[in-house]
Amino acid sequence: MARIIDGTEISRVMREQMAQEVAALKAAGITPGLSVVLVGNNPASQAYVSSKTKACEALGMRGQTLNLPENVSTQELFAVIDRLNADSSVHGILVQLPLPAHLPYKAVLEHIHPDKDVDGFHPLNAGLAFVGDPRAFVPCTPAGIMEMIRRENIPTRGKHAVIVGRSLIVSKPLASLLMAPGPDATVTLTHRHTQDLASFTRQADILIVAVGKQNLITADMVKPGVVVIDVGQNRVPDDSSPRGYRMVGDVDYAAVSEKAEAITPVPGGVGPMTITMLLANTLQAARQMQARGTSGNPR
Ligand code: NAD
């Protein structure tokens with residue numbers, strides 16, 4: 001039976017350490033602050049945003065949500081981001097995705113000043129992360145997965161890490177982090193057009209799944225002793241839950257646990273780590289701005 005990699009517990013330890021750093025920054029006159037821009041009223045997005053700002057406040061940081069109407073124009077949204085870019089009390093800015101279809105999400109993400117881009121989605125940060133520059137803001141989910149692997153002492157050097165999914169926010173940056181000097185993994189990236197997916201997943205020493213399809217990975221698709229990181233978040237109707245649904249990942253958890261050496265649960269695995277790394281990135285932004293004595297001058 002697999003060891004459970006407890007993202008909630010790892011997060012608790014990390015957040016305790018970060019709370020001390022926040023207190024030290026506050027003593028120096030700086031309250032790290034995150035501003036989240038939420039367009040429209042998608043219930044899932046509202047829930048994500050509220051857990052992000054609550055996590056900030058629990059650490060002693062400032063967490064602010066700016067709610068904009070569903071029909072906000074690109075120019076109005078840019079104006080809000082401009083104000084946040086120029087506000088020295090705001091260290092991190094995040095625009096919650098997905099955006100309504102009429103908004104050009106790439107241009108919106110590029111409008112956030114790279115020094116405040118705590119999601120790490122600006123092309124400048126993506127490039128800095130790709131070349132291994134420590135100034136980069138690394139996207140929170142892959143950063144959280146790397147932190148979990150490190151803190152759980154999961155060997156990566158020379159191991160075969162197979163990633164399912166090729167998204168810009170999880171899989172691509174994760175591939176680059178895992179293959180970098182240090183982790184030194186051999187990485188295979190698979191996606192919706194991969195032929196015979198199981199032939200790749202069966203080779204994995206570490207299997208990371210970021211797709212969004214319940215039960216995509218079944219027990220016959222993994223080898224004994226694999227370490228499984230399940231990023232997927234799928235809502236399944238559940239009348240016994242007060243919310244009417246429960247969250248499951250992309251992996252057939254019960255059956256795969258019988259074969260795996262270690263596995264992340266959903267919920268309680270990658271999810272809390274993602275928020276923890278958002279807090280870490282906001283703290284990094286505040287520290288970097290303190291060191292520069294600026295608020296978002298171009299670098
Ligand atoms: P996405 O939705 O942008 O893309 C999905 C990827 O899956 C694509 O690259 C596609 O090629 C691949 N894919 C689709 N069908 C496939 C198949 N049958 N076989 C192999 N690959 C297939 O990806 P995303 O934004 O990385 O999100 C993936 C999942 O991870 C979603 O469930 C999302 O909710 C979840 N997620 C969770 C967190 C967290 O903090 N826990 C963070 C980000 C995303």
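Glycine is treated like the rest: Cβ placed from N, Cα and C.
The NADP(+) binding site feature in TrEMBL is assigned to G165, R166, S167. The annotation domain 'Tetrahydrofolate dehydrogenase/cyclohydrolase catalytic' is assigned in TrEMBL to 5-119. Residues or ranges marked as domain 'Tetrahydrofolate dehydrogenase/cyclohydrolase NAD(P)-binding' in TrEMBL: 139-288.
Neighbours of G165 (NADP(+) binding site), defined as other CB atoms within 10 A of its CB across all chains, total 23. In the three-state DSSP reading, R166 (NADP(+) binding site) counts as coil. Taking DSSP states H, G and I as helix and E and B as strand, the domain 'Tetrahydrofolate dehydrogenase/cyclohydrolase catalytic' (5-119) has 60 helix, 19 strand, 36 coil. Secondary structure counts, DSSP: the domain 'Tetrahydrofolate dehydrogenase/cyclohydrolase NAD(P)-binding' (139-288) has 53 helix, 30 strand, 67 coil.
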